[in-house]
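Sharing the features that TrEMBL gives for it:
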type: TRANSMEM; residues: B:16-33; note: transmembrane segment
type: TRANSMEM; residues: B:53-74; note: transmembrane segment
type: TRANSMEM; residues: B:86-107; note: transmembrane segment
type: TRANSMEM; residues: B:128-153; note: transmembrane segment
type: TRANSMEM; residues: B:159-178; note: transmembrane segment
type: TRANSMEM; residues: B:190-208; note: transmembrane segment
type: TRANSMEM; residues: B:245-265; note: transmembrane segment
type: TRANSMEM; residues: B:286-311; note: transmembrane segment
type: TRANSMEM; residues: B:339-366; note: transmembrane segment
type: TRANSMEM; residues: B:387-409; note: transmembrane segment
type: TRANSMEM; residues: B:478-498; note: transmembrane segment
type: TRANSMEM; residues: B:529-550; note: transmembrane segment
Amino acid sequence: MSNDGQPPAQDPLIDEAQEEQRRSAAARLFDIRRVIGGLFVAYGVIVTLIGVFDSRAEIDKAEGVRINLWAGLVMLAFGLFMLLWQWLRPAEPPAPNEKQPGT
Amino acid sequence: MDDGGGLRLDMNGLDYLILALYFVTVLGVGFAARRAIRTSVDFFLSGRSLPAWVTGLAFVSANLGALEIIGMAANGAQYGVMTVHYYWIGAVPAMVFLGIVMMPFYYGSKVRSVPEYLRLRFNRPTHLLNAISFAVAQVLIAGVNLYALALVMQALLGWPLWTAVLVGAAIVLAYITIGGLSGAIYNEVLQFFVILAGLIPVTVIGLVKVGGVNGLMDAVRDSKLGEAGLHAWQDTGTTANPLGAHWLGIVFGLGFVLSFGYWTTNFAEVQRALSAKNMSAARRTPIIAAYPKLFIPLVTVIPGLVALVTVKGLGAESGDLQYNNAIPLLMRDLLPNGVLGVAVTGLLASFMAGMAANVSGFNTVFTYDIWQAYIRRDRSDEYYLRIGRWATVAAVVVGIGTAFIAAGFSNIMNYIQALFSVFNAPLFATFIIGMFWKRMTALAGFWSLLLGTLVSLSLYLLYKGGVVNFNSDLEESFWGAGLAFATAVVVAAILTPLTAPKRDEELRGLVYGMGGVDLKGDVLAGDAVWYRSPVLLGVIAVALAALFYIPVF
């Protein structure tokens, strides 16, 4: 792939959209890791609690596996991991919108 | 036909709480994404701002619709391990090719859709032809997804069909109209994890029930599939295998024409990559998606096989014991309340993900490629943003209509899938020649696309009319796709020397070897590290796909 420094072919419709893009509000988008983390922590807590109080019948239905307990704990751990990841590595700041080489 | 209990699941209040929590979260994501929308590119392409892991998971999720979960488990039960061909040769190589080879032209040229690439590379007739056929196909498939969603809700939860159709449609409509592509993509990432959370417990308990992997293999040997159900390539020198496919058909039909046609030119997929924040993230999008794709057969094919050996009478022509019900049947038999709620939520999430991908692809192509290009030019950006929201409403309303049309056909899913794959093959041929042969002319592009489509369509209609015979629908789609591809190539080769080429400046950034592609565009500091190299990641994904075949050869 040659890179001769020249910009790609021009098109009025695309240029217009690129121009408008300077007003973009995309930087205000929230971080999805928070939502995934939150939902899975909630699921984890609910399903783990169900698992703690599972009756014999429920455990037998799942072939003797305490599936609610295990699945609940795994979901809880996954949810916490997402929240921790977001906390330790916040989203990289958006690149400024000014670069248009060659124009 | 009935085996006693029907498919109705025994959902309790806590299961419904889990489901309700999911619906509330999905709507919340839509509303919260609203503040990040000011321009049309924010609405249709998330302002080209998303990180690669988000767009990558959305890319795989957009494909995890009805056909994937229900259909691939059904294929697992019906054809056995050969179903992995749909993943390891029928998806991963094409996804890697899209990321490494094609994405620089898509993302680098700043086109806002796949049809728009055709407008720049060829001409407006080619563009309009593709834009209209894509738009029509998307609303049809959205309707089929919606109908499939409603069928599952009716069977599992006992909701009336029309209630389920309206509830599903209303939720998808709300989060896309309000949150735009960001709403759709964020929800797809969430859906990806919820789908897995639902499928993994079914798989694990299913395996425990049959005595682990070895127990499953023994049981499959004793089933109607027999030893052949455990091999992917054995006996593919003939068509005497469960799939009824020759290895040539698998490699060239499925692995090349059908798969490359679907993954590299379907805008509902490519749109996810176009919303990435820079060239590196855009190229990594389909490649990151290839990794989960490698492992998804574990949670679709294995449950299918478990259902085959544990559900007596599975494989009926109609009623509750059709192959399509493999996963719902296992959920009913194995999951206690709690994980049952998560599994139902995951299933509904997968249907909504599929439909949302169709709707968000449609509204973009309708607004940019039909409305802005041919109906109302030179309006303000706010105007097109408004049109995009109305196009979303229209797509969902028409989708409800096509859902009720779909209800009138017994297996419309097969028809649409066959037709769609057949439309994709000539499109892929036109793309791939146009991208690598700068001499190919605009007229050649138009006629390649049109005649390729007509040829495959004719073959399909002749097959359905009983004039031409094939062993299976699958074999027909392999041949149809191959013939369409060949037609497009021949037409391009004949017409190009007879017509005037485009000037070199017009092709910059669109065609291989013409320059104008900046692979390092907008890089962030972190993107240069070796483990974010698209080529390295892609090579590893393909190598893993090949390695995975060894134990099931």
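Cβ atoms here come from the backbone N, Cα and C positions, even for glycine.
Automatic prediction, not curation, is the source of TrEMBL annotations.
Values in this document were obtained by computation on a predicted structure and should not be read as measured data.
Where in this structure would I find these features, and how exposed are they?
For the transmembrane segment (B:16-33), the list of distant contacts is 171, 174-176, 178-180, 182-183, 186-187, 190, 194, 338, 341-342, 344-345, 348-349, 352: same-chain residues at least six beyond its ends, Cβ to Cβ under 8 Å.
Nonlocal intrachain contacts for the transmembrane segment (B:86-107), taken as residues 6+ away from its ends with a CB within less than 8 angstroms of a stretch CB, comprise 59, 72, 75, 114, 117, 250-251, 254-255, 258-260, 262-264, 270, 273-274, 276, 279, 282-287, 289-290, 293-294, 296-297, 431, 435, 509-512, 517, 519, 521, 534-535, 538-539, 541-542, 545-546, 548-549.
Packing against the transmembrane segment (B:159-178) from elsewhere in the chain are residues 23, 26-27, 29-31, 33-34, 146-147, 149-151, 153, 184, 187, 348, 351-352, 355-356, 359-360, 363, 389, 392-393, 396, 399-400, 403-404, 407: each is 6 or more residues past its ends and has a CB under 8 Å from a CB in it.
Long-range Cβ contacts of the transmembrane segment (B:245-265) within its own chain (Cβ-Cβ under 8 Å, at least 6 residues beyond either end) map to 82, 85-86, 89-91, 93-95, 97-98, 102, 114, 233, 236-239, 286, 421, 424-425, 427-428, 431-432, 474-475, 477-479, 481-482, 484-485.
With a cut-off of 8 Å between Cβ atoms, the residues of this chain six or more beyond the transmembrane segment (B:286-311) that come close are 3, 52-53, 55-57, 59-60, 64, 68-69, 72-78, 80-81, 83-84, 87-88, 91-92, 95-96, 98-100, 103, 192, 196, 199-200, 202-203, 206-207, 209-210, 216, 219-220, 222-225, 229, 263, 269, 273, 321, 323, 326-327, 329-330, 333, 534, 537-538, 541, 544-545, 548.
Within its own chain, the transmembrane segment (B:339-366) is flanked in space by residues 9-11, 14-19, 22, 26, 44-45, 61-69, 112-113, 115, 131, 134-135, 138-139, 141-142, 145-146, 148-149, 152-153, 156-157, 168, 171-173, 175-176, 180-181, 184, 187-188, 190-192, 194-199, 201-202, 266-269, 271, 327-328, 331, 387-389, 391-392, 394-396, 399, which lie at least six positions past its ends and keep a Cβ under 8 Å from the stretch.
Outside the transmembrane segment (B:387-409) by six or more residues, the chain places 40, 43-44, 138-140, 142-144, 146-147, 150, 161, 165-166, 169, 172-173, 176-177, 180, 355, 358-360, 362-364, 366-367, 371-372, 376, 415 with a CB less than 8 A from a CB of the stretch.
Beyond the ends of the transmembrane segment (B:478-498), by six or more residues, the same chain brings 245, 249, 252-254, 257-258, 261, 418, 421-422, 424-426, 428-430, 433, 437, 439-441, 443-445, 447-449, 451-453, 455-456, 459-460, 463, 470 to within a C-beta distance below 8 angstroms of the stretch.
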So, do the transmembrane segment (B:128-153) and the transmembrane segment (B:190-208) meet, by the test of 3 or more Cβ pairs under 8 Å (sequence gap 6 or more)?
no
Using a Cβ-Cβ cut-off of under 8 Å, list the residues of the same chain that are 6+ residues beyond the ends of the transmembrane segment (B:529-550) and lie near it.
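Apart from its flanks, the transmembrane segment (B:529-550) reaches 52, 84, 87-89, 92-93, 95-96, 99-100, 103, 232-233, 280, 283-284, 287-288, 290-291, 294.
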Give residue numbers and ranges for long-range contacts of the transmembrane segment (B:190-208): same chain, 6 or more residues beyond its ends, CB-CB under 8 A.
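Same-chain residues near the transmembrane segment (B:190-208) but 6 or more away: 22, 25-26, 29, 57-58, 60-61, 64, 69, 215-216, 292, 298-300, 302-303, 306-307, 310, 327, 330-331, 334-335, 339, 342-347, 349-350, 352-353.
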